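In what follows, a structure is listed as structure tokens, so that the remarks can point back to it.
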Amino acid sequence: MNNNKGNTHMTIWTRRQLTIAAVALALGAYPAHAGAVLDRVMAAGTLKVATDANWAPQSFVNASNELDGFDVDVAKAIGKHLGVKVEFVTPGWDIITAGNWAGRWDMHAGSMTPTKKRAEIFDFPAVYYYTPAAVAVHKDSKAKTLADLDGKVVGATSTSTFEAYAKKDLTLDAAGAPPFEYKLNPKEVHSYENSTTAFDDLRLGDGVRLDAVVSSLPSILDAEKAGYPIKQVGDPVFHEPLAIAIERGDPELSAKIADAVKAMKADGTLSKLSEKWYGQDYSKTN
Amino acid sequence: MLYPDTVEAEILVHKPWFVATMFGAVLLLFMAFNMSSTSFAELMRPVIGEPSTSGLYGRFAIGFAIAVIFTLNVVLIGFAPLKVQIGIVWLELLLLFIAFFETFHLSLPFIREKLPFLISQGVVTTLYVSAISIVIASVIAVAGAVAKLSSNGFAYAIASFYTSFFRGLPLLMQVYLIYLGLPQLGFVINAVPAGILALSLCYGAYMTEIFRSGIQSIDRGQWEASRSMGFGFALTMRRIILPQALPVIIPPTGNQFISMLKDSSLVSVIGVWELMFLARTLGQKTFQHMEMLISAAMIYWMLSICLELIQARIERHYHRSKVR
Amino acid sequence: MSAPAIIEARNVSKWYGTFHVLKEINLTVHKGERIVICGPSGSGKSTLIRCFNRLEAHQEGEITVNGVALHGKMGNVADVRSNVGMVFQHFNLFPHMTVLMNCMAGPMWVKGVPEREARKTALKFLERVRIPEQANKFPIQLSGGQQQRVAIARSLCMEPAVMLFDEPTSALDPEMVSEVLETMTGLARDGMTMVCVTHEMGFARAVADRVIFMDAGQIVEEGTPDAFFSRPRHDRTKLFLSQILKH
């Protein structure tokens with residue numbers, strides 16, 4: 001039985017971490033100095049990547065109980081460009097976005113939207129794909145357009161861009177984000193832990209708990225494929241640029257990752273991976 | 001069991017008024033629900049015809065049948081001796097549960113495929129995180145209890161601050177504080193040690209109170225006898241007081257362990273692949289999370305039952321010196 | 001007297017808050033002496049003997065036990081306690097240990113006696129209190145009288161210089177009193193130095209070298225049993241004796 005994934009974050013106190021902790025104490029800040037994270041990665045020969053284990057098809061635990069998915073493949077490809085092994089850890093989303101990684105992992109490959117606020121604590125070396133966000137309704141719903149959902153109850157993952165969109169509070173201030181407009185006027189927005197629980201409420205019936213869910217188009221299509229009685233309504237409402245994230249303060253690492261993603265775009269690796277996982281090329285907006 | 005009286009009481013479930021009330025209540029309850037689309041209604045088809053069009057008569061007939069079965073069942077169980085009663089009621093409740101899970105139309109092959117991983121990764125992690133934590137928590141509890149009972153102001157202040165703080169904060173928050181907060185002080189600890197630390201500190205605080213009351217429950221004479229023979233504090237505590245306090249301490253500590261087993265699921269937020277984490281993760285891609293959640297629920301339950309049995313055994317063991 | 005003093009109390013006073021329990025007590029117990037202390041409840045007699053092994057602290061005056069002046073510091077108290085045996089009203093046996101282990105615990109854990117030797121000593125004293133056959137039982141399986149005899153054996157195992165008895169028979173059923181008193185009489189006959197707080201006047205008459213009567217925290221009267229019982233001098237003593245001997 002394969003369980004080494006689970007063990008990746010079970011090593012206790014390596015000497016490296018002790019050193020980093022000591023340096024941090026001395027300087028009172030993270031990361032220690034430019035290039036420190038890159039040095040550490042190259043010295044160890046491993047890139048520790050944080051990702052979600054519960055976000056199919058970007059990242060999930062596959063049939064052989066290993067992490068798999070688009071984000072996971074992208075991370076592995078970046079590792080290959082850097083010439084290091086890739087190790088995954090799966091802390092909760094809040095833990096990742098809280099910053100202060102403290103050397104527990106070096107890079108986040110988990111479809112993070114590069115907002116201005118997040119840019120205060122993170123560097124976003126490269127946008128590697130764009131997710132179209134769309135609105136799903138129960139298959140019995142009479143709604144034909146997004147306008148039909150005026151005054152209805154809408155669900156979305158808590159603190160996600162989807163929720164922000166539904167609440168008309170979305171700023172897509174990342175470079176290369178295409179413009180969008182608010183086409184949804186819900187009466188109420190319900191927050192969910194993840195999109196699956198939102199879909200679970202939607203499947204109970206049209207208007208039982210929810211009238212619609214805002215989520216990523218891929219996750220809507222996946223749920224539909226798995227037999228959820230839901231369907232997309234209207235066109236995608238916005239395109240969300242999604243980026244690799246690292247902690248601020250290591251331009252060398254940032255540059256390396258940017259180079260790697262650029263190369264992967266140029267040689268078609270990203271398009272291929274996107275086709276593999278989504279059936280279409282999300283690595284560019286069109 | 002309570003201390004039974006010797007008065008020969010008539011069995012409650014055989015009293016006519018009770019049987020009638022029960023029958024009426026069940027009848028009304030099931031008439032209130034529309035059961036016409038259930039498999040039970042299908043069974044009643046010969047009596048009520050097409051279930052969906054049988055209307056009020058159909059509802060009444062179904063409710064009546066259920067009420068008869070239920071009441072008869074209860075009355076019959078009333079005749080059985082105590083042990084048999086317990087067994088039958090357990091079995092029936094269990095069957096009802098299984099029937100309830102049956103309504104989810106779970107994919108058994110998927111469960112069978114994932115079960116080994118749930119156990120080898122999830123259960124193992126859950127168990128060892130909980131086991132290590134309960135051991136550390138017990139050590140903290142002994143120290144905390146001694147400090148809380150001491151006449152040293154520092155010790156008392158620290159111990160009472162500690163119990164107050166860690167009992168007052170939600171465990172999830174403690175997990176976050178330790179995992180995210182300690183690195184600020186320069187201590188970078190990984191997810192598993194952080195989880196163990198959080199669980200130990202939180203449960204240590206609860207168990208401090210358990211140990212304190214356990215220690216206080218020991219008669220003053222035991223201290224006096226020990227002192228009169230020249231035993232020091234540590235010796236008295238280790239050899240005389242704690243061994244006697246254990247029977248008082250163990251039942252609530254067993255409860256704590258069972259609840260820790262389940263609270264250890266909170267460390268999944270920092271990415272520890274324990275049972276709860278896997279339950280939420282494994283079936284996600286194929287939207288078979290109900291399968292995993294229910295499997296994990298059953299596993300948690302079975303683990304708790306095992307712990308209850310172990311606890312009962314230990315309690316029996318300590319009961320020995322109290323029997324004439 | 002020529003025998004050396006085992007316990008010497010000089011002007012001992014003790015207060016519980018503002019309540020003056022012991023008022024300038026002076027008492028000397030010589031080696032081999034058997035002393036019975038009696039008095040109405042609340043007179044301070046139990047408190048006095050509990051001061052002798054520092055289960056209670058006195059606030060004024062001096063107590064010297066076996067040549068060591070009690071002042072309450074850790075090592076000092078431990079020294080005194082391992083030389084003074086005490087038998088309690090409610091036995092206070094350790095219920096989680098067998099009778100034998102109750103007797104072996106002190107020598108092994110305090111004095112560092114090897115287990116084999118401790119066992120031998122324990123069996124010797126259990127023999128002496130005539131219950132060697134109960135050695136492997138737990139205290140709760142024994143009658144009250146048997147438990148109190150085990151408690152006596154447990155104290156003897158420490159080979160103390162003096163034995164203190166704090167109302168050893170008052171928690172016993174009447175038919176068990178005599179077996180405990182017999183054991184104590186046997187000890188007295190063997191020359192053990194004893195201080196007994198008890199209302200067993202028959203025992204006092206038969207065994208005591210001196211009887212001390214306490215009331216309201218003071219030693220009111222002391223003397224030989226003969227003088228004490230037949231010619232009490234104080235009114236309070238007379239009143240007490242008339243009450244206690246009425247039945």
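Positions of Cβ are set from backbone N, Cα and C atoms, glycine also.
The transmembrane segment annotation in TrEMBL covers B:17-36 (among others).
Positions annotated as transmembrane segment by TrEMBL: B:56-79 (among others).
Taken from TrEMBL, the feature transmembrane segment covers B:86-107 (among others). For the transmembrane segment (B:86-107), the list of distant contacts is 73, 77, 80, 288, 290-291, 294: same-chain residues at least six beyond its ends, Cβ to Cβ under 8 Å.
Here TrEMBL flags B:123-311 as domain 'ABC transmembrane type-1'.
Residues annotated as transmembrane segment in TrEMBL: B:127-147 (among others).
What TrEMBL records for B:154-179 (among others) is transmembrane segment.
Here TrEMBL flags B:185-206 (among others) as transmembrane segment.
Residues or ranges marked as transmembrane segment in TrEMBL: B:265-283 (among others).
The transmembrane segment feature in TrEMBL is assigned to B:289-310 (among others).
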Are the transmembrane segment (B:127-147) and the transmembrane segment (B:17-36) close enough to be called in contact, which here means at least 3 C-beta pairs under 8 A that are separated by 6 or more residues?
no
If you count Cβ pairs under 8 Å, which stretch among B:56-79, B:154-179, B:185-206 touches the transmembrane segment (B:265-283) the most?
B:185-206
At a C-beta cut-off of under 8 Å, are there same-chain residues at least 6 beyond the transmembrane segment (B:185-206) that contact it? List them, or none.
125, 129-130, 132-134, 136-141, 144, 162-163, 165-167, 169, 171, 174-175, 177-179, 256, 260, 263-264, 266-267, 270-272
Near the transmembrane segment (B:289-310), which residues from the same chain, at least 6 beyond its ends, have a CB less than 8 A from one of its CBs?
101, 104, 106-107, 110-111, 114-115, 118-119, 122-123, 126-127, 254, 257-258, 261-262, 275-276, 278-283
Distant-in-sequence neighbours of the transmembrane segment (B:17-36), which means Cβ under 8 A and at least six residues beyond its ends:
51-52, 54, 58-60, 62-64, 66-68, 70-71, 74-75
May I ask for the residues of the chain that lie six or more residues beyond the transmembrane segment (B:56-79) and have a Cβ under 8 Å from a Cβ within it?
11-14, 19, 22-24, 26-31, 34-36, 40-41, 44, 47-49, 85, 88-89, 92
